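Listed features, source TrEMBL:
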DOMAIN    386-493  domain 'Pentatricopeptide repeat-containing protein-mitochondrial'
REPEAT    152-186  repeat 'PPR'
REPEAT    187-221  repeat 'PPR'
REPEAT    257-291  repeat 'PPR'
REPEAT    292-326  repeat 'PPR'
REPEAT    327-361  repeat 'PPR'
REPEAT    362-396  repeat 'PPR'
REPEAT    397-431  repeat 'PPR'
REPEAT    432-466  repeat 'PPR'
REPEAT    467-501  repeat 'PPR'
REPEAT    502-536  repeat 'PPR'
REPEAT    537-571  repeat 'PPR'
REPEAT    572-606  repeat 'PPR'
C-alpha cells in the first residue's frame, strides 16, 4: 500500500486519509464534471480498491454507471483474497449491467466465501437473465476458475445446483455432462440435487438414466442417493423393487436409515396396502431402526383412508405409549378420517386433545371441521368455528373460502356465498375454479341463469381454465330451466375449448330432453356418447327407461333395460321403479307385480315410490272396472 499524507486546511477539520496517487474528491469531481470524456479512464483500480476497503460504498455506487467491465474485473482480481469485500463491491456496481465474463469472475470470487448462498444467488441471477446459455456460463466460469487458481469443482457444482433450484434441470444435466467431458467428477451432493429435481418433476426415467451414468463414472452413492431412488421406484408403483433396493444398498456398504423405510411405508399406505406397510415396519424394527412419528402417521393415514378408524386410533395410542409425540399433521389425519365418516363428535375430541397437548390447530384443522359441519348443513356452528379460527390469529385461506362458498351454495344461501367471494377478493385471495363452480351451481339451483351466464363469461375473461365440472353445473341449470338451446350451445363451446364432455354432461342433456317428452332425441344422445367413446352408466339407461315409461312406451323401456343388462349393468331401484310406474300407468298391474317380485328376489328393497306406484296402479284398474260395469 502507498504511504498516506495529511492535508492541512486553514480551518481545522477532521483528518482525511487519502492515497498519494489520487484523492477520492478529484476522482469524483472528474467523473461528474466532464461527461463527454470517458470517466472510467480517469478512475484507477487502486482508487476503487481503497474505496472498497474503507467502505466508501456511496462513492462506488455513484461511479458505477461509468465503470466498464475491464476496470471492474481488475478490482475483483485485486479483492479476490477478501471475498466479503468483493461481494459488497459487486452489489454496488449494478451486477445486472455486467457482461458475462465479469459476472462469472465475480461469481468465482464469491465462491471463496464459507457459505455457498451468495454464489448461488449470483448464479441464479445470471442464468435467469438469459444473458447467455449455460454452456457459455460454464466456459466463462472455467476461465475465471483458472485466473483465480481455484482447484476445486465448486463453481460447476453450484451452477448445477442453481439450475436445479430454478427447476431448469435439463440445463443442470447439460453442465453435468460438460463436467464429465472436462474430466471433472461432480460431487455426490450435486448428483443428488439433479436426481431429486427429476423426482419432483415426475421425470423418473431421466432419474434412472442419470443414476446409470453416475454408476459408470464410479460416483459413490450416499444413503440420500439411495433414498431418492427408492422414492423413484415408489412413485413408479414398483414397491417390491423398492424393498429389494434396500438389499442392494446394503451390499454396497450403505446402511438404510429411518427415511429409507418411511419412504416405502408411506408408498404402501398411500396405495391402500396397509398390511404391506406393517411388514416393512416390522422389517425396520428387526434391523434395529426405531420407527418415528412419521412412520406411525403414515400407517394411521393409510388406515383412515381404508376406513379402519378404530385400528387407526389404536395405532395412535400405541404411538403415544412409545413416547413419540404426535404432530398437528397426525391429529389432522385422524380428524379428517372421522369427519369423512360423519363422526363429528370424535373429530372434535381429537381437536380438543391436541389443544390440551399444547399443539395449536392449523388452518387445515379448521378447514376439515368447517367442511364436515357444512356437510350436515350446520351453518351456524361452521360460522362460529371460522370466528374462533380468526380469534386465534389464523387467517382463512383459499381452501377455507372455497369451503364456505361451496357450503352456503349447497345449502341455498346464495347471498352469503357471494359475500364470502367478495371478502376473499378484498383480501387479495384469488377464487379457484372450484369456488366459481360452487357459485354457478348456487345460481342455477335458484333459477338465476342470466346471472350464472354472466359469471361464466366473467370467469372466461379472467383467464380461469374452465373444466367439465363447471360446464356441467351450467348445463344442468339450463336443462332444469328448460333452455335446451343454451345447454347445447355450451356443449359446442366445450368442443371449441377442448374440454371433453363426460357421462354427466350427456346424462344431464338426456334428462333435459326426457323432461320435455323428447325421448327419441335423448336416445340419439346415448348413441352419440358411445361414438365419442364415453361409456353410458346406470344413470344414462335409467334416464331413458324413465322417459319411455312416463310416456307409456313400455316395449322401448324394456328394450333399453335389456341393452343395459347386455352391457353388464344390473337394474337398480330406479330402474324397477320406472318400469313399475310405467306398467301401472298402462293398467298392466300383473306385470308390475311380477317386477316387484323380481326386484325383491334380487335383493333390492322397494321404497315408498315403488308402493305408491302400485297403489295408484290398483286404483286405476278399479276405476276401469267400475267404468266397464256401468256401461
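Glycine residues also receive a Cβ, built from the backbone N, Cα and C atoms like all the rest.
Residue counts for the repeat 'PPR' (327-361) under DSSP (helix as H, G, I; strand as E, B; rest coil) come to 26 helix, 0 strand, 9 coil. Helix, strand and coil content of the repeat 'PPR' (152-186), in residues and according to DSSP, is 25 helix, 0 strand, 10 coil.
Long-range contacts of the repeat 'PPR' (467-501) within the same chain, counting only residues at least 6 positions beyond its ends with a Cβ under 8 Å from a Cβ of the stretch, are 433, 436-437, 440-441, 443-445, 447, 449, 452-453, 456, 459, 508-509, 511-513, 515-516, 532, 534. Residue counts of the repeat 'PPR' (397-431) by helix, strand and coil are 26 helix, 0 strand, 9 coil (DSSP-based).
Panel annotation: around the repeat 'PPR' (187-221), residues 153, 157, 160-161, 164-165, 167, 169, 172-173, 176, 180, 228-229, 231-232, 235-236, 249, 252, 254 of the same chain, lying at least six beyond its termini, place a Cβ under 8 Å from a Cβ of the stretch. Secondary structure counts, DSSP: the repeat 'PPR' (362-396) has 26 helix, 0 strand, 9 coil. Sequence-distant contacts of the repeat 'PPR' (502-536) (same chain, at least 6 residues past either end, Cβ-Cβ under 8 Å): 468, 471-472, 475-476, 478-480, 482, 484, 487-488, 491, 494, 543-544, 546-548, 550-551, 553, 556, 567.
Restricting the average to the repeat 'PPR' (397-431) gives a pLDDT of 89.
Taking H, G and I as helix, E and B as strand and the rest as coil, DSSP gives the repeat 'PPR' (572-606) the counts 26 helix, 0 strand, 9 coil.
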